[in-house]
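The next block holds one structure in the form of structure tokens; read it before the comments.
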Amino acid sequence: MASRSSTRIPAPLMLTIWIALALGCVRLTSSLDGRPLAAAGIVVTGDKAVNIYTSSQTGSIIIKLLPNMPKDKEACAKAPLEAYNRTLTTLLTPLGDSIRRIQESVTTSGGRRQRRFIGAIIGSVALGVATAAQITAASALIQANQNAANILRLKESIAATNEAVHEVTDGLSQLAVAVGKMQQFVNDQFNNTTQELDCIKITHEVGVELNLYLTELTTVFGPQITSPALNQLTIQALYNLAGGNMDYLLTKLGLGNNQLSSLIGSGLITGNPILYDSQTQLLGIQVTLPSVGNLNNMRATYLETSSVSTTKGFASALVPKVVTQVGSVIEELDTSYCIETDLDLYCTRIVTFPMSPGIYSCLTGNTSACMYSKTEGALTTPYMTLKGSVIANCKMTTCRCADPPGIISQNYGEAVSLIDRHSCNVLSLDGITLRLSGEFDAAYQKNVSILNSQVIVTGNLDISTELGNANNSISNALNKLEESNSKLDKVNVRLTNTSALITYIVLTVISLVCGILSLVLACYLMHKQKAQQKTLLWLGNNTLDQMRATTKA
């Protein structure tokens, strides 16, 4: 039950895996396509799988440093074995003393225990300075104290065996594997062969192999003499000590071969010495390795920017360095919580940041939505390689093709030039000669131009210049405001008091009333005058008719 609990997936990791599975139900759209972005100076350099991990699995590896020789060959190997044994004791005694001092610092009194615990740590490091990592290592060492004691009770049987690899389970709280790199050599060379070897050859072969192993031990523990028990051993050091037998422990702890190659480069598999016994030459190391959950539908996409030509000068695109995509959602990924390898990201937590609609539109292929910053310096490399091809700003540097010979020119308005093996086989840039083997397919957009509205300033010097211009504009506006105030000051304030305003209003109303009355009177007089004119005209016409009638009569 105890060994099974050591490999159980922790609750936080299980919760993260369930979240990842839920996200995996979202149907994936096409991944971030860098081909339309290359001509705009935005290059997708690669993808990495995103994994979540926690360091929770532990197991012990007991390294048998002194091999058992066959009875008929003990006399021949006695001299090199005795010299090897003395050297081992000299090399590893500081390690054993350091482990013993830290483990003996544990007492039953809480406060006393803490003081002795810290004192043991400070006493075992150079200059009395204990780092957080060393305190953590010491804490782990004390927690493994009981397991180390149980291993020591079995030391005689472990030392007496001729097996190169076997499990040790009697009374141990976690998986333990006893391995012997030198015992493996002895078994292969002497125990499992019928070939007769003379004593001189046996002495020579054993001596050479023991010296080589001592060299590896010195490489592992030599730099750690100042604080030997508090420095973690890397996976490379563990393989040096245990040889290929290290795989047996890792496999027992549930680490598959498909994960092993990636985890080796991550540095997440570490070991801490927990015991050293000089009598039997046994070295115990507690191995810690992570529980890893793979987020199947999440990967990190890395972006790089190349200097591009604009009408405002040279600039670079404002895009995140790393983005992640799940379904149709693209967000910036914070990798400060992650450990990177060539193919994977191992993160203790996933932290993402939303992007503005403009950047999102830019990364999905709409290059007219991309924004650029005039922050590229004169020494910035104006080119980058991509899968055997080159993306270069041929306005900043001379793009000279050696095969076929010629100069590659960049058309007016183009941001960068896409150069592949179809346009040039051997390219020379700033004295660097590159042989091109890749090609840009039809999906790579060309002749992309950057508009003035897409270029902004973000550099300190550029911002200072813009602030200076803004300050000048503000100063001019203040001068105009002062002139306006001076003109307003010349106005007689006494004419603008309350009583004067009331008088002005009353006079204005009276004037309006008089004007209206005058207009009405004028209209009345005009109407009356027209009526009189009509009456006179009628009388005249009537008199004329009477005179005509009289004349006819």
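Backbone N, Cα and C define each Cβ position, glycine as well.
Per Swiss-Prot, the feature N-linked glycosylation site maps to Asn85 (among others). The local packing around Asn85 (N-linked glycosylation site), expressed as other Cβ atoms within 10 Å of its Cβ over all shown chains, amounts to 15.
Per Swiss-Prot, N-linked glycosylation site is recorded for Asn191 (among others).
Per Swiss-Prot, N-linked glycosylation site is recorded for Asn192 (among others).
What Swiss-Prot lists as N-linked glycosylation site is Asn366 (among others). If you draw a 10 Å sphere around the CB of Asn366 (N-linked glycosylation site), it holds 14 other CB atoms from the protein chains shown.
Residues annotated as N-linked glycosylation site in Swiss-Prot: Asn447 (among others).
Per Swiss-Prot, the feature N-linked glycosylation site maps to Asn471 (among others); the stated evidence is sequence analysis.
Look at Swiss-Prot and you will find 1-31 tagged as signal peptide, backed by sequence analysis.
Residues annotated as topological domain 'Extracellular' in Swiss-Prot: 32-500.
Taken from Swiss-Prot, the feature transmembrane segment covers 501-521, and the record attributes it to similarity to another entry.
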Spatial separation of Asn85 (N-linked glycosylation site) from Asn366 (N-linked glycosylation site) - C-alpha basis, Å: 70
Secondary-structure category, per DSSP, in which Asn366 (N-linked glycosylation site) falls: coil
